[in-house]
Amino acid sequence: MTSVKSEAFDVVVIGSGPAGYVAAIRASQLGLKTLCVEESIDNTGKEKLGGTCLNVGCIPSKTLLDSSHRYYETTKNLEKHGISVENVTLDLSSMMKRKDDIVSKLTGGISSLFLANKVQSLSGKGKIISKNIIQVTQASGKTKDIQAKNIIIATGSNPIEIPSANFSKNIVDSTGALSFKSVPKTLGVVGAGIIGLELGSVWSRLGSEVTVLEALEDFLPMADPDIAKESLKEFKKQGLNIELASKVISSKELKNSVEVTYQHKGKEIQKEFEKLIVAVGRTPNSSNVISEKLNIKTQDGFIEVNEFCQTSVKNIWAIGDVVRGPMLAHKGSEEGIMVAERIADKQAQVNYDLVPSVIYSHPEIAWVGQNEKELKSKGINYKVGSFPFAASGRALAVDQSVGFVKVLSDETTDTILGVHVFGPAAGEIVQQALISMEYGSSSEDIALTMFSHPTVSEAFHEAALAVNNQAIHIGNKIK
(Lines of atoms letter the chains of each structure in order from A and count residues from 1; the text may use other names and numbers.)
(Lines give C-alpha, C1' and ligand atoms only; values in the text may rest on other atoms or scores of the structure.)
Protein backbone atom coordinates (compact mmCIF):
# COMPACT_ATOMS: atom_id res chain seq x y z
CA MET A 1 0.00 0.00 0.00
CA THR A 2 1.47 3.33 -1.06
CA SER A 3 1.71 5.86 1.74
CA VAL A 4 -0.74 8.75 1.41
CA LYS A 5 0.49 12.19 2.45
CA SER A 6 -2.98 13.37 3.41
CA GLU A 7 -6.39 11.96 4.23
CA ALA A 8 -8.35 14.83 2.66
CA PHE A 9 -8.50 15.50 -1.08
CA ASP A 10 -10.28 17.65 -3.61
CA VAL A 11 -10.81 14.61 -5.83
CA VAL A 12 -10.63 10.88 -5.13
CA VAL A 13 -10.87 8.54 -8.11
CA ILE A 14 -11.82 4.91 -7.51
CA GLY A 15 -10.21 2.84 -10.27
CA SER A 16 -7.11 3.41 -12.41
CA GLY A 17 -8.21 2.21 -15.85
CA PRO A 18 -8.29 4.49 -18.92
CA ALA A 19 -11.19 6.44 -17.42
CA GLY A 20 -9.82 6.67 -13.88
CA TYR A 21 -6.15 7.44 -14.39
CA VAL A 22 -6.90 10.05 -17.07
CA ALA A 23 -9.44 11.73 -14.75
CA ALA A 24 -6.89 11.74 -11.92
CA ILE A 25 -4.12 13.26 -14.04
CA ARG A 26 -6.36 15.94 -15.53
CA ALA A 27 -7.78 16.85 -12.11
CA SER A 28 -4.30 17.29 -10.69
CA GLN A 29 -3.23 19.35 -13.72
CA LEU A 30 -6.11 21.69 -12.91
CA GLY A 31 -4.74 22.28 -9.42
CA LEU A 32 -6.97 19.82 -7.56
CA LYS A 33 -5.40 17.67 -4.84
CA THR A 34 -6.03 14.18 -6.21
CA LEU A 35 -5.87 10.56 -5.05
CA CYS A 36 -6.44 7.44 -7.16
CA VAL A 37 -7.51 4.25 -5.37
CA GLU A 38 -6.81 0.93 -7.11
CA GLU A 39 -7.89 -2.49 -5.88
CA SER A 40 -5.62 -4.66 -8.06
CA ILE A 41 -2.12 -5.29 -6.75
CA ASP A 42 1.03 -6.72 -8.31
CA ASN A 43 3.39 -9.35 -6.89
CA THR A 44 5.02 -6.76 -4.62
CA GLY A 45 1.73 -5.64 -3.09
CA LYS A 46 1.77 -2.31 -4.93
CA GLU A 47 -1.31 -1.05 -6.78
CA LYS A 48 -1.51 -2.42 -10.33
CA LEU A 49 -2.46 0.59 -12.42
CA GLY A 50 -4.08 0.61 -15.86
CA GLY A 51 -7.26 -1.37 -15.36
CA THR A 52 -8.59 -4.07 -17.67
CA CYS A 53 -7.58 -2.32 -20.89
CA LEU A 54 -3.89 -2.08 -20.13
CA ASN A 55 -3.40 -5.27 -18.12
CA VAL A 56 -5.74 -7.87 -19.64
CA GLY A 57 -7.59 -6.15 -22.48
CA CYS A 58 -6.78 -3.64 -25.22
CA ILE A 59 -2.99 -3.67 -25.01
CA PRO A 60 -2.17 -7.38 -24.53
CA SER A 61 -4.76 -8.42 -27.12
CA LYS A 62 -3.37 -6.00 -29.73
CA THR A 63 0.14 -7.23 -28.95
CA LEU A 64 -0.90 -10.83 -29.62
CA LEU A 65 -2.84 -9.79 -32.72
CA ASP A 66 0.35 -8.27 -34.10
CA SER A 67 2.55 -11.24 -33.18
CA SER A 68 0.09 -13.80 -34.54
CA HIS A 69 -0.28 -11.83 -37.79
CA ARG A 70 3.50 -11.81 -38.27
CA TYR A 71 3.58 -15.58 -37.75
CA TYR A 72 0.70 -16.12 -40.17
CA GLU A 73 2.27 -13.95 -42.86
CA THR A 74 5.60 -15.76 -42.47
CA THR A 75 4.03 -19.20 -42.84
CA LYS A 76 1.35 -18.43 -45.45
CA ASN A 77 1.91 -15.30 -47.50
CA LEU A 78 5.59 -14.67 -48.22
CA GLU A 79 6.20 -16.88 -51.27
CA LYS A 80 4.38 -14.55 -53.66
CA HIS A 81 6.78 -11.82 -52.51
CA GLY A 82 9.71 -14.00 -53.57
CA ILE A 83 10.59 -14.85 -49.99
CA SER A 84 10.97 -18.49 -49.01
CA VAL A 85 11.19 -19.41 -45.33
CA GLU A 86 11.59 -22.99 -44.18
CA ASN A 87 11.14 -24.67 -40.81
CA VAL A 88 9.29 -21.77 -39.17
CA THR A 89 8.67 -22.51 -35.50
CA LEU A 90 6.48 -20.87 -32.89
CA ASP A 91 7.84 -20.07 -29.43
CA LEU A 92 4.61 -19.19 -27.65
CA SER A 93 6.33 -18.48 -24.33
CA SER A 94 8.51 -15.81 -25.99
CA MET A 95 5.43 -14.33 -27.65
CA MET A 96 3.71 -14.15 -24.27
CA LYS A 97 6.81 -12.62 -22.67
CA ARG A 98 6.81 -9.84 -25.26
CA LYS A 99 3.16 -9.16 -24.42
CA ASP A 100 3.87 -9.11 -20.68
CA ASP A 101 6.91 -6.85 -21.10
CA ILE A 102 4.85 -4.29 -23.04
CA VAL A 103 2.14 -4.34 -20.37
CA SER A 104 4.74 -3.88 -17.61
CA LYS A 105 6.32 -0.96 -19.45
CA LEU A 106 2.99 0.81 -19.86
CA THR A 107 1.79 0.21 -16.29
CA GLY A 108 5.09 1.61 -15.07
CA GLY A 109 4.45 4.55 -17.34
CA ILE A 110 1.23 5.39 -15.50
CA SER A 111 3.10 5.37 -12.19
CA SER A 112 5.59 7.84 -13.69
CA LEU A 113 2.76 10.00 -15.00
CA PHE A 114 1.16 10.05 -11.55
CA LEU A 115 4.47 11.13 -10.04
CA ALA A 116 5.03 13.83 -12.67
CA ASN A 117 1.50 15.19 -12.21
CA LYS A 118 1.51 14.92 -8.40
CA VAL A 119 -1.30 12.35 -8.28
CA GLN A 120 -1.18 10.22 -5.15
CA SER A 121 -2.22 6.55 -5.33
CA LEU A 122 -3.42 4.03 -2.81
CA SER A 123 -3.94 0.27 -3.06
CA GLY A 124 -7.18 -1.16 -1.76
CA LYS A 125 -10.87 -1.53 -2.51
CA GLY A 126 -12.68 1.78 -2.30
CA LYS A 127 -16.27 2.08 -1.11
CA ILE A 128 -18.19 5.33 -0.78
CA ILE A 129 -19.76 5.27 2.69
CA SER A 130 -21.00 8.87 2.69
CA LYS A 131 -21.01 11.74 0.21
CA ASN A 132 -17.52 12.82 1.27
CA ILE A 133 -15.89 9.69 2.69
CA ILE A 134 -14.35 6.70 0.91
CA GLN A 135 -13.44 3.68 2.98
CA VAL A 136 -10.42 1.87 1.53
CA THR A 137 -9.96 -1.77 2.50
CA GLN A 138 -6.40 -3.02 2.13
CA ALA A 139 -5.41 -6.55 1.11
CA SER A 140 -4.64 -7.20 4.80
CA GLY A 141 -8.22 -6.34 5.74
CA LYS A 142 -7.34 -3.05 7.43
CA THR A 143 -9.44 -0.04 6.51
CA LYS A 144 -8.63 3.62 6.00
CA ASP A 145 -11.12 6.47 5.64
CA ILE A 146 -10.36 9.15 3.05
CA GLN A 147 -12.18 12.48 2.83
CA ALA A 148 -12.99 13.96 -0.57
CA LYS A 149 -14.80 17.03 -1.83
CA ASN A 150 -15.49 15.16 -5.08
CA ILE A 151 -15.53 11.44 -5.86
CA ILE A 152 -15.19 9.85 -9.30
CA ILE A 153 -16.21 6.21 -9.72
CA ALA A 154 -14.25 4.48 -12.48
CA THR A 155 -14.44 0.84 -11.44
CA GLY A 156 -14.77 -0.62 -14.94
CA SER A 157 -16.42 -3.90 -15.89
CA ASN A 158 -16.02 -7.67 -15.71
CA PRO A 159 -16.54 -10.44 -18.29
CA ILE A 160 -20.06 -11.89 -18.33
CA GLU A 161 -20.34 -15.52 -17.27
CA ILE A 162 -23.20 -17.54 -18.76
CA PRO A 163 -25.00 -20.41 -16.96
CA SER A 164 -24.50 -22.76 -19.92
CA ALA A 165 -20.71 -22.36 -19.81
CA ASN A 166 -19.40 -21.54 -16.34
CA PHE A 167 -15.73 -20.62 -16.16
CA SER A 168 -13.46 -23.54 -15.33
CA LYS A 169 -10.10 -25.04 -16.29
CA ASN A 170 -10.89 -25.21 -20.00
CA ILE A 171 -13.71 -22.62 -20.19
CA VAL A 172 -12.15 -19.19 -19.93
CA ASP A 173 -12.97 -15.52 -20.26
CA SER A 174 -11.06 -12.99 -22.34
CA THR A 175 -8.37 -12.71 -19.67
CA GLY A 176 -7.67 -16.44 -19.69
CA ALA A 177 -7.58 -16.46 -23.49
CA LEU A 178 -4.59 -14.11 -23.43
CA SER A 179 -2.37 -16.54 -21.54
CA PHE A 180 -2.78 -20.06 -22.95
CA LYS A 181 0.36 -22.14 -22.37
CA SER A 182 0.02 -23.84 -25.74
CA VAL A 183 -1.97 -23.36 -28.94
CA PRO A 184 -5.26 -25.29 -28.65
CA LYS A 185 -5.81 -27.72 -31.52
CA THR A 186 -9.50 -26.88 -31.42
CA LEU A 187 -10.95 -23.71 -29.97
CA GLY A 188 -14.55 -22.66 -29.43
CA VAL A 189 -15.51 -19.01 -29.02
CA VAL A 190 -18.93 -18.05 -27.69
CA GLY A 191 -19.79 -14.65 -29.11
CA ALA A 192 -18.89 -13.05 -32.45
CA GLY A 193 -18.54 -9.53 -31.12
CA ILE A 194 -15.38 -7.44 -31.01
CA ILE A 195 -13.64 -9.48 -28.29
CA GLY A 196 -14.62 -12.86 -29.73
CA LEU A 197 -13.45 -11.99 -33.24
CA GLU A 198 -10.14 -10.58 -32.08
CA LEU A 199 -9.30 -13.51 -29.81
CA GLY A 200 -10.52 -16.04 -32.36
CA SER A 201 -8.28 -14.39 -34.96
CA VAL A 202 -5.21 -14.61 -32.71
CA TRP A 203 -5.46 -18.33 -32.12
CA SER A 204 -6.61 -19.13 -35.65
CA ARG A 205 -3.47 -17.49 -37.05
CA LEU A 206 -1.35 -19.50 -34.64
CA GLY A 207 -2.87 -22.77 -35.85
CA SER A 208 -6.08 -23.43 -33.89
CA GLU A 209 -9.15 -24.75 -35.63
CA VAL A 210 -11.57 -22.05 -34.46
CA THR A 211 -15.36 -22.22 -34.31
CA VAL A 212 -17.23 -19.06 -33.30
CA LEU A 213 -20.77 -19.59 -31.97
CA GLU A 214 -23.01 -16.52 -32.19
CA ALA A 215 -26.57 -16.60 -30.83
CA LEU A 216 -27.76 -13.74 -33.06
CA GLU A 217 -28.82 -14.34 -36.65
CA ASP A 218 -27.00 -11.25 -37.92
CA PHE A 219 -23.23 -10.85 -37.95
CA LEU A 220 -21.95 -7.61 -36.34
CA PRO A 221 -25.41 -5.98 -36.13
CA MET A 222 -23.85 -2.79 -34.75
CA ALA A 223 -21.75 -2.31 -37.90
CA ASP A 224 -22.72 -1.12 -41.36
CA PRO A 225 -24.61 -4.00 -43.07
CA ASP A 226 -22.35 -3.99 -46.14
CA ILE A 227 -19.23 -4.14 -43.99
CA ALA A 228 -20.72 -6.90 -41.86
CA LYS A 229 -21.50 -8.91 -44.99
CA GLU A 230 -18.07 -8.47 -46.59
CA SER A 231 -16.12 -9.05 -43.38
CA LEU A 232 -18.01 -12.27 -42.67
CA LYS A 233 -16.96 -13.59 -46.08
CA GLU A 234 -13.34 -12.64 -45.43
CA PHE A 235 -13.20 -14.16 -41.94
CA LYS A 236 -14.61 -17.43 -43.25
CA LYS A 237 -12.06 -17.34 -46.06
CA GLN A 238 -9.34 -16.96 -43.42
CA GLY A 239 -10.51 -20.14 -41.72
CA LEU A 240 -12.77 -18.88 -38.94
CA ASN A 241 -15.83 -21.11 -38.78
CA ILE A 242 -18.52 -18.61 -37.75
CA GLU A 243 -21.87 -20.20 -36.97
CA LEU A 244 -24.69 -17.68 -36.58
CA ALA A 245 -28.01 -18.38 -34.82
CA SER A 246 -26.14 -20.83 -32.59
CA LYS A 247 -27.07 -20.68 -28.91
CA VAL A 248 -25.00 -22.62 -26.37
CA ILE A 249 -27.36 -24.56 -24.12
CA SER A 250 -24.89 -26.61 -22.07
CA SER A 251 -21.24 -27.50 -21.65
CA LYS A 252 -19.43 -30.37 -20.01
CA GLU A 253 -15.88 -30.18 -18.72
CA LEU A 254 -13.90 -33.25 -19.74
CA LYS A 255 -10.35 -34.14 -18.71
CA ASN A 256 -8.57 -32.16 -21.41
CA SER A 257 -11.43 -30.59 -23.34
CA VAL A 258 -14.95 -29.19 -23.24
CA GLU A 259 -18.05 -30.75 -24.78
CA VAL A 260 -20.43 -28.03 -25.93
CA THR A 261 -24.07 -28.51 -26.88
CA TYR A 262 -25.66 -25.73 -28.88
CA GLN A 263 -28.87 -25.17 -30.79
CA HIS A 264 -28.71 -24.25 -34.46
CA LYS A 265 -31.78 -23.96 -36.69
CA GLY A 266 -33.85 -26.16 -34.40
CA LYS A 267 -31.20 -28.86 -34.09
CA GLU A 268 -29.01 -29.72 -31.13
CA ILE A 269 -25.35 -30.07 -32.09
CA GLN A 270 -22.45 -31.29 -29.97
CA LYS A 271 -18.84 -30.32 -30.50
CA GLU A 272 -15.72 -30.90 -28.48
CA PHE A 273 -13.09 -28.20 -28.06
CA GLU A 274 -9.74 -28.24 -26.31
CA LYS A 275 -10.54 -24.76 -24.97
CA LEU A 276 -13.69 -22.62 -24.93
CA ILE A 277 -13.60 -18.82 -24.73
CA VAL A 278 -16.76 -17.09 -23.51
CA ALA A 279 -16.86 -13.57 -24.97
CA VAL A 280 -20.48 -12.44 -24.74
CA GLY A 281 -19.83 -8.99 -23.36
CA ARG A 282 -19.03 -7.37 -20.05
CA THR A 283 -21.01 -6.25 -17.02
CA PRO A 284 -20.37 -3.03 -15.04
CA ASN A 285 -18.42 -3.43 -11.80
CA SER A 286 -20.70 -1.38 -9.58
CA SER A 287 -21.58 -3.78 -6.76
CA ASN A 288 -20.41 -2.87 -3.26
CA VAL A 289 -18.92 0.43 -4.44
CA ILE A 290 -21.56 2.83 -3.07
CA SER A 291 -23.37 2.72 0.27
CA GLU A 292 -27.10 2.15 -0.14
CA LYS A 293 -27.65 5.12 2.20
CA LEU A 294 -26.69 7.47 -0.62
CA ASN A 295 -29.56 6.18 -2.77
CA ILE A 296 -27.58 6.44 -6.02
CA LYS A 297 -29.56 4.47 -8.58
CA THR A 298 -28.28 1.81 -10.94
CA GLN A 299 -29.94 0.13 -13.91
CA ASP A 300 -28.71 -3.33 -14.92
CA GLY A 301 -25.57 -2.56 -12.94
CA PHE A 302 -24.88 0.75 -14.70
CA ILE A 303 -24.70 3.77 -12.40
CA GLU A 304 -27.26 6.35 -13.49
CA VAL A 305 -25.72 9.69 -14.45
CA ASN A 306 -26.66 12.81 -16.41
CA GLU A 307 -25.02 13.93 -19.66
CA PHE A 308 -22.03 15.15 -17.65
CA CYS A 309 -21.54 11.85 -15.77
CA GLN A 310 -22.87 13.32 -12.53
CA THR A 311 -24.93 11.09 -10.22
CA SER A 312 -27.93 12.20 -8.17
CA VAL A 313 -25.42 13.15 -5.44
CA LYS A 314 -23.86 16.24 -7.01
CA ASN A 315 -20.26 15.72 -5.86
CA ILE A 316 -20.19 12.05 -6.90
CA TRP A 317 -19.47 11.22 -10.54
CA ALA A 318 -19.18 7.97 -12.52
CA ILE A 319 -17.33 7.36 -15.79
CA GLY A 320 -16.25 4.62 -18.20
CA ASP A 321 -17.65 1.11 -18.37
CA VAL A 322 -19.66 1.58 -15.18
CA VAL A 323 -22.04 4.04 -16.90
CA ARG A 324 -24.23 3.96 -20.04
CA GLY A 325 -22.77 3.90 -23.51
CA PRO A 326 -20.23 1.73 -25.30
CA MET A 327 -17.59 0.06 -23.14
CA LEU A 328 -14.63 1.65 -24.89
CA ALA A 329 -11.41 2.93 -23.33
CA HIS A 330 -11.38 6.17 -25.31
CA LYS A 331 -14.97 6.97 -24.36
CA GLY A 332 -14.03 6.49 -20.68
CA SER A 333 -10.94 8.67 -21.02
CA GLU A 334 -12.93 11.51 -22.57
CA GLU A 335 -15.48 11.25 -19.76
CA GLY A 336 -12.62 11.41 -17.26
CA ILE A 337 -11.32 14.65 -18.77
CA MET A 338 -14.82 16.12 -18.92
CA VAL A 339 -15.57 15.36 -15.27
CA ALA A 340 -12.22 16.67 -14.03
CA GLU A 341 -12.79 19.91 -15.92
CA ARG A 342 -16.37 20.30 -14.70
CA ILE A 343 -15.18 19.81 -11.11
CA ALA A 344 -12.73 22.66 -11.81
CA ASP A 345 -15.68 24.80 -13.00
CA LYS A 346 -14.86 24.52 -16.70
CA GLN A 347 -17.53 23.95 -19.36
CA ALA A 348 -16.64 20.58 -20.86
CA GLN A 349 -18.70 17.90 -22.56
CA VAL A 350 -18.40 14.69 -24.59
CA ASN A 351 -19.90 14.34 -28.06
CA TYR A 352 -21.54 10.92 -27.72
CA ASP A 353 -22.70 11.05 -31.34
CA LEU A 354 -19.11 10.64 -32.50
CA VAL A 355 -17.61 7.76 -30.53
CA PRO A 356 -15.42 5.71 -32.90
CA SER A 357 -15.39 1.91 -32.84
CA VAL A 358 -12.58 -0.35 -34.09
CA ILE A 359 -12.28 -4.12 -34.44
CA TYR A 360 -8.59 -5.01 -34.70
CA SER A 361 -9.05 -8.02 -36.94
CA HIS A 362 -7.15 -8.33 -40.20
CA PRO A 363 -8.40 -6.45 -42.13
CA GLU A 364 -9.57 -3.99 -39.51
CA ILE A 365 -13.17 -2.80 -39.19
CA ALA A 366 -13.92 0.72 -37.97
CA TRP A 367 -16.71 3.25 -38.04
CA VAL A 368 -17.90 6.54 -36.63
CA GLY A 369 -21.31 8.18 -36.83
CA GLN A 370 -24.45 6.54 -38.20
CA ASN A 371 -24.83 3.65 -40.63
CA GLU A 372 -27.41 3.19 -43.39
CA LYS A 373 -29.70 1.07 -41.25
CA GLU A 374 -29.83 3.77 -38.56
CA LEU A 375 -30.41 6.57 -41.06
CA LYS A 376 -33.26 4.69 -42.72
CA SER A 377 -34.92 4.01 -39.37
CA LYS A 378 -34.85 7.75 -38.62
CA GLY A 379 -36.17 8.70 -42.04
CA ILE A 380 -33.05 10.70 -42.89
CA ASN A 381 -32.34 11.07 -46.61
CA TYR A 382 -28.68 10.52 -47.42
CA LYS A 383 -26.12 10.01 -50.17
CA VAL A 384 -23.54 7.22 -50.37
CA GLY A 385 -20.01 7.15 -51.70
CA SER A 386 -17.88 4.02 -51.63
CA PHE A 387 -14.37 3.14 -52.76
CA PRO A 388 -12.75 -0.35 -52.77
CA PHE A 389 -9.19 -0.90 -51.58
CA ALA A 390 -8.78 -3.13 -54.64
CA ALA A 391 -8.48 0.14 -56.59
CA SER A 392 -5.95 1.64 -54.16
CA GLY A 393 -2.34 1.58 -55.34
CA ARG A 394 -0.98 1.63 -51.81
CA ALA A 395 -3.31 -1.16 -50.62
CA LEU A 396 -2.26 -3.34 -53.55
CA ALA A 397 1.42 -2.58 -52.94
CA VAL A 398 1.23 -3.74 -49.33
CA ASP A 399 -0.95 -6.76 -50.20
CA GLN A 400 -3.99 -5.50 -48.26
CA SER A 401 -6.58 -4.85 -50.96
CA VAL A 402 -9.63 -6.41 -49.27
CA GLY A 403 -12.46 -4.11 -48.19
CA PHE A 404 -13.68 -0.58 -48.84
CA VAL A 405 -14.46 2.85 -47.42
CA LYS A 406 -18.04 4.12 -47.30
CA VAL A 407 -19.04 7.74 -46.68
CA LEU A 408 -22.64 8.72 -45.86
CA SER A 409 -23.70 12.35 -46.12
CA ASP A 410 -26.92 14.31 -45.75
CA GLU A 411 -28.80 14.49 -49.05
CA THR A 412 -29.56 18.20 -48.65
CA THR A 413 -26.60 19.70 -46.75
CA ASP A 414 -23.90 17.17 -47.74
CA THR A 415 -22.77 17.06 -44.07
CA ILE A 416 -20.99 13.77 -43.35
CA LEU A 417 -23.21 11.55 -41.19
CA GLY A 418 -21.09 8.41 -41.00
CA VAL A 419 -17.86 6.84 -42.23
CA HIS A 420 -17.37 3.07 -42.31
CA VAL A 421 -14.17 1.22 -43.20
CA PHE A 422 -13.24 -2.41 -43.73
CA GLY A 423 -9.62 -2.70 -44.71
CA PRO A 424 -6.02 -1.67 -43.96
CA ALA A 425 -5.54 0.97 -41.24
CA ALA A 426 -9.31 1.28 -40.83
CA GLY A 427 -8.91 2.65 -37.30
CA GLU A 428 -6.58 5.40 -38.51
CA ILE A 429 -8.78 6.34 -41.47
CA VAL A 430 -11.85 6.61 -39.25
CA GLN A 431 -9.90 8.92 -36.95
CA GLN A 432 -9.37 11.27 -39.91
CA ALA A 433 -13.10 11.12 -40.56
CA LEU A 434 -13.89 11.79 -36.91
CA ILE A 435 -11.85 15.00 -36.87
CA SER A 436 -13.65 16.14 -40.02
CA MET A 437 -17.06 15.32 -38.57
CA GLU A 438 -16.32 17.16 -35.30
CA TYR A 439 -16.02 20.32 -37.39
CA GLY A 440 -19.17 19.61 -39.39
CA SER A 441 -17.40 18.82 -42.65
CA SER A 442 -19.26 17.91 -45.82
CA SER A 443 -18.17 15.25 -48.27
CA GLU A 444 -17.22 18.12 -50.59
CA ASP A 445 -14.83 19.45 -47.91
CA ILE A 446 -13.01 16.11 -47.96
CA ALA A 447 -13.12 16.01 -51.76
CA LEU A 448 -11.41 19.42 -51.85
CA THR A 449 -8.66 18.30 -49.44
CA MET A 450 -5.28 17.11 -50.76
CA PHE A 451 -4.27 13.57 -49.72
CA SER A 452 -0.74 12.16 -49.94
CA HIS A 453 -0.10 9.58 -52.66
CA PRO A 454 0.19 6.66 -52.39
CA THR A 455 -1.62 6.11 -49.09
CA VAL A 456 -4.56 3.97 -48.03
CA SER A 457 -6.16 7.19 -46.76
CA GLU A 458 -6.78 8.14 -50.38
CA ALA A 459 -9.64 5.64 -50.29
CA PHE A 460 -11.43 8.00 -47.87
CA HIS A 461 -10.84 10.86 -50.32
CA GLU A 462 -12.19 8.84 -53.25
CA ALA A 463 -15.24 7.69 -51.26
CA ALA A 464 -16.00 11.33 -50.44
CA LEU A 465 -15.67 12.19 -54.14
CA ALA A 466 -17.96 9.27 -54.99
CA VAL A 467 -20.75 10.72 -52.83
CA ASN A 468 -21.34 13.27 -55.59
CA ASN A 469 -20.29 11.01 -58.49
CA GLN A 470 -16.86 12.62 -58.82
CA ALA A 471 -14.55 9.67 -58.00
CA ILE A 472 -11.45 9.57 -60.18
CA HIS A 473 -10.20 6.00 -59.83
CA ILE A 474 -13.47 4.06 -60.11
CA GLY A 475 -16.55 4.40 -62.26
CA ASN A 476 -19.29 6.66 -60.92
CA LYS A 477 -23.02 6.01 -60.77
CA ILE A 478 -24.84 6.76 -63.99
CA LYS A 479 -27.34 9.56 -63.37
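Positions of Cβ are set from backbone N, Cα and C atoms, glycine also.
What TrEMBL records for the NAD(+) site is GLY191, ALA192, GLY193, ILE194, ILE195, GLY196, LEU197, GLU198, GLY281, and among GLU214, GLU217, GLU259, GLU268 the residue it adds there is GLU214. Recorded disulfide link (TrEMBL): CYS58 to CYS53, out of the candidates CYS36, CYS53. Taking the binding-site residues GLY191, GLY193 in turn, the residue surrounded by the fewest other Cβ atoms inside 10 Å of its Cβ turns out to be GLY193.
With DSSP states grouped into helix (H, G, I), strand (E, B) and coil, the domain 'Pyridine nucleotide-disulphide oxidoreductase dimerisation' (355-464) comes out at 39 helix, 33 strand, 38 coil. Here the Cα atom of ALA329 (FAD binding site) is found 18 Å from that of LEU197 (NAD(+) binding site). Within 10 Å of the Cβ of SER157 (FAD binding site) there are 22 other Cβ atoms, across all protein chains. Taken residue by residue with DSSP, LEU197 (NAD(+) binding site) is part of a helix. Using CA atoms as reference points, the recorded positions CYS53, THR155, MET327, HIS453 were checked against GLY191 (NAD(+) binding site), and the closest is MET327. Mean model confidence for the domain 'FAD/NAD(P)-binding' (9-336) is a pLDDT of 97.
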